[in-house]
Structure formats: C-alpha cells, structure tokens
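Visitor: One structure, as structure tokens, below. Some questions next.
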Amino acid sequence: MEGRMQGKAPLSDSNRRIMDADAPPRRVYQAWKGSNIFFLGGRLIFGPDVRSLLLTVCLIVIPVILFAAVISGQLAHEYHNQIGGWVASVAIIFTAYIIVLLLLTSGRDPGIIPRNAHPPEPEDVGESSNLSEWPGGQHGSTGLPLTKDVLVNGVLVKVKYCHTCMLYRPPRCSHCSICNNCVERFDHHCPWVGQCIGKRNYRFFFMFVSSTTLLCVYVFAFCWVDLRIIMDTHRCKLGRAIMKSPVSGILILYTFIAVWFVGGLTSFHLYLISTNQTTYENFRYRYDRKTNPHNRGLVQNFIEILCSRIPSSRNNFRAKVKEDSATFTSSLGMGRAISPPKMSVDLEMGMKRQTVAMEELEDLHSQIGSAMGLERCGTEPPHIVGRKGCSEIATDIEAFAEEFGLEQRFTERKKIEQRTSHNP
C-alpha cells in the first residue's frame with residue numbers, strides 16, 4: 001500500500017482531518033471550550049486565575065507556622081508545658097481543615113451548565129418568550145428572542161438567552177466572563193480561590209470564610225495572652241512586651257486586619273443566606289422580602305443552602321468525546337460544497353477501523369463530475385484564489401480509494417465516465 005501511495009499527491013488538509021480519527025480519542029476536559037484549567041486528568045477543575053490560590057494558601061499557612069513555632073513555644077515555657085502543645089495542635093489541625101475546604105471550593109465544578117452545540121429551535125422556545133427588549137421587537141442573529149418568562153414559586157421571572165453557551169439560562173444562573181461558563185446559582189467569581197462560586201461549592205466557600213474568621217480570632221487571642229504574660233512576668237508596659245515578643249505584635253496586627261476582611265465577608269454571606277440571595281442578585285436586583293421569589297423564610301433558607309444535598313455535576317470531564325462522523329468540505333471552482341463520505345469510527349472502544357462505503361465514494365465522484373466535468377478542469381478561472389481545482393479533488397478521491405482498498409473499482413468507474421464523455 002505504501003508503494004502505491006508514494007506515486008500519488010499527498011492528501012489535502014480537509015481529507016487529513018478524516019484520517020485524524022485514527023488518533024486516540026480526546027476527553028471532555030481536553031476539548032473544553034471554557035477558560036478553566038484542569039489537573040489530574042480532569043479530576044480537578046480550576047478557574048484561569050488558579051495561581052492566586054497559592055497566595056491564599058501562603059497567607060493562611062505562614063502565620064500559623066509562626067504561631068505554632070514561636071507563640072506556642074513561649075506559652076509552653078510560661079505555663080511549664082501545660083498548654084503550649086495543645087494550643088499549637090489545635091491551630092495546625094484547624095488550618096488543615098481550612099485548606100481542605102479551600103480545595104473543595106476551588107477544585108470542583110461550581111455548577112457549570114453544559115453548553116449546547118447548536119442554538120435551540122425557535123419552536124422549542126415556547127409562547128413565553130419576550131421580544132420587548134429587542135429593538136423594534138426583532139430577533140437576534142440566531143432568530144431567538146433575548147428573554148423568556150419562567151414561573152418560579154408563583155412569580156414570573158425573566159431568563160436570558162446566552163449567545164456563548166447557546167441556551168436559555170435557568171433562573172439564578174449567570175455567565176461568568178472570567179471562566180466563560182454559565183454557572184447555576186451564580187454567586188460571584190472569587191479571585192482568592194481562583195474559581196466561580198455557584199450552587200455546588202457555595203457551601204464550602206461559606207465554611208472556608210467562616211472558619212478562617214475563627215482561626216484569625218484564635219491566633220489573635222493567644223497572641224494577646226502571650227503579651228499579657230510577658231507584661232505580668234517582667235512588669236512592663238505593652239510596648240516593652242512587643243519588643244520582647246515581636247512575632248506576637250506582628251500576628252496581632254495581621255489577624256486584626258484579616259478578621260475585618262473575612263469576618264465582614266462572613267457577616268455579609270450570613271445575611272445573604274438568611275434572605276436566600278446571591279451576591280450577584282444582591283448587587284444587581286436589590287431584592288426585598290416582597291419581590292424575592294426564592295426567599296422561603298429564615299430557617300428554610302439556612303436548611304436549603306447549608307443542609308440540602310449537593311447536586312451531582314452535569315459534566316463528566318473525563319468522558320471520551322464522541323464523534324460520529326468527520327466533516328470535510330471541498331470547494332469547487334464555482335464555490336459548491338460537497339458532502340463528505342460518512343465514517344464509522346468507534347471512539348469509545350478505541351477501534352481504528354474506518355468503513356467507507358464504495359457507493360458513497362461513487363456518489364462523491366458523481367457530484368464532482370456533474371458540477372464541473374473531470375475533463376474540463378483545465379478551464380478553471382485562474383483568478384479564483386484559495387479554491388481547489390478539480391484535478392486536485394480527483395487526486396484526493398483516488399488517494400482515499402487506495403487507502404481503503406477500493407482503487408480497482410474506482411478506476412473502472414473513472415474509465416467508464418471518460419468513455420461516456422468522449423462518446424456522447
């Protein structure tokens with residue numbers, strides 16, 4: 001077979017794409033259209049700003065290391081090893097717990113809604129669509145209305161069409177411009193964790209923020225205890241005690257600033273949970289009790305957000321991408337497109353056998369002959385740039401026939417057509 005192929009012209013780019021089906025099948029995370037970054041073969045998904053996660057880890061771990069190494073040692077010395085080890089152990093275990101919450105927040109699917117391959121059909125939109133927001137009541141480029149109405153707990157809510165994901169976003173869903181995904185119950189994109197905060201990781205995010213607040217208070221309190229012991233032992237004032245234990249002074253200042261940030265964030269999200277709002281909704285819509293259709297009361301809101309079952313991901317990032325057919329288009333001199341021969345490629349089983357029916361090759365060749373005529377390829381206008389000539393297309397088809405062992409039947413077919421053209 002190699003000897004027969006050496007005398008022929010190489011396959012064109014469009015035909016080579018069909019041959020690429022021999023390559024190992026790609027997985028979903030490898031063909032992902034969002035801006036996410038994957039690790040461990042698609043098992044972990046992060047946002048494009050995942051590097052900020054390292055900064056967050058350092059801001060948590062380094063102060064705790066100083067606290068466990070210096071402050072707990074001083075407390076052990078002052079209390080004769082009674083509480084020093086206990087104080088350090090609690091801080092280290094609590095920090096490990098916070099890091100786990102951080103990874104659960106940033107390394108999992110936040111609730112990404114899979115995008116459609118094609119826009120929905122206009123008849124599938126339904127009568128609830130609303131054209132009022134389009135200028136003149138016209139449709140967009142897709143022929144679909146910008147919004148449609150959905151009933152949520154007896155309240156009519158408008159949902160928008162996402163042109164990027166080609167779908168109508170469910171209620172409380174929004175498209176994150178950073179990750180380039182539609183996220184269910186979108187709260188915000190947090191640069192400190194490098195991930196969107198949505199329906200599937202909001203609980204872990206809240207636990208992370210509130211736990212970090214408690215850790216700051218813990219370190220802050222025991223640093224003050226250390227300074228107080230120094231002041232009582234040496235009978236000195238606060239400034240003198242800080243000079244004797246500068247690490248305590250630094251950690252007190254650091255945790256005081258940090259607790260305003262994470263503590264304020266914890267208080268804000270407690271308010272959001274109690275009213276069943278998201279950060280996006282709070283800044284965008286300014287719900288009150290009468291207009292928020294999701295507010296179910298204080299207790300039910302906390303149960304829904306913090307105690308309900310987390311839904312499974314809608315995406316299987318490790319699944320193999322299924323391609324039922326390879327598309328290839330050849331343009332003739334008149335700009336006419338030809339349908340490609342179908343291929344049966346079993347990517348899921350890893351089979352590399354490609355079945356191309358001879359009838360489909362003959363049909364493809366007949367389309368070329370009827371459009372231009374194989375004997376008239378030399379008359380193609382030279383000013384058409386970037387389009388293939390018929391001779392090149394015919395050469396590609398011959399190469400396909402040889403590749404799949406159909407050269408003899410293809411040659412016979414070509415000779416019959418040539419005799420017919422010379423003897424009308």
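For all residues, glycine too, the Cβ spot is worked out from N, Cα and C.
Predicted automatically and left uncurated, TrEMBL annotations should be read as such.
Annotations per TrEMBL:
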{"type": "TRANSMEM", "residues": "53-71", "note": "transmembrane segment"}
{"type": "TRANSMEM", "residues": "83-105", "note": "transmembrane segment"}
{"type": "REGION", "residues": "114-141", "note": "region 'Disordered'"}
{"type": "DOMAIN", "residues": "160-284", "note": "domain 'Palmitoyltransferase DHHC'"}
{"type": "TRANSMEM", "residues": "204-231", "note": "transmembrane segment"}
{"type": "TRANSMEM", "residues": "251-273", "note": "transmembrane segment"}
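Mind mapping these onto the model and telling me what they sit next to?
Guide: Within the chain carrying the transmembrane segment (53-71), a Cβ under 8 angstroms from the stretch's Cβ atoms is held by residues 46, 87-88, 91-92, 95, 98-99, 102, 106, 192-194, 212, 215, 219, 222-223, 226, 245, 247-248, 250-251, 254-255, 258, all 6 or more beyond its ends.
Tertiary proximity for the transmembrane segment (83-105) is limited to same-chain residues at least six positions away from its ends with a CB under 8 Å from its CB atoms, namely 53, 56-57, 60-61, 64, 67-68, 71-77, 190, 193, 195, 197, 201, 204-205, 207-208, 211-212, 214-215, 218-219, 222.
Taken together, the residues in the domain 'Palmitoyltransferase DHHC' (160-284) have a mean pLDDT of 93 on the 0 to 100 scale.
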Visitor: For the domain 'Palmitoyltransferase DHHC' (160-284), jot down how many residues DSSP puts in helix, in strand and in coil.
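Guide: Going through the domain 'Palmitoyltransferase DHHC' (160-284) residue by residue, I get 76 helix, 17 strand, 32 coil.
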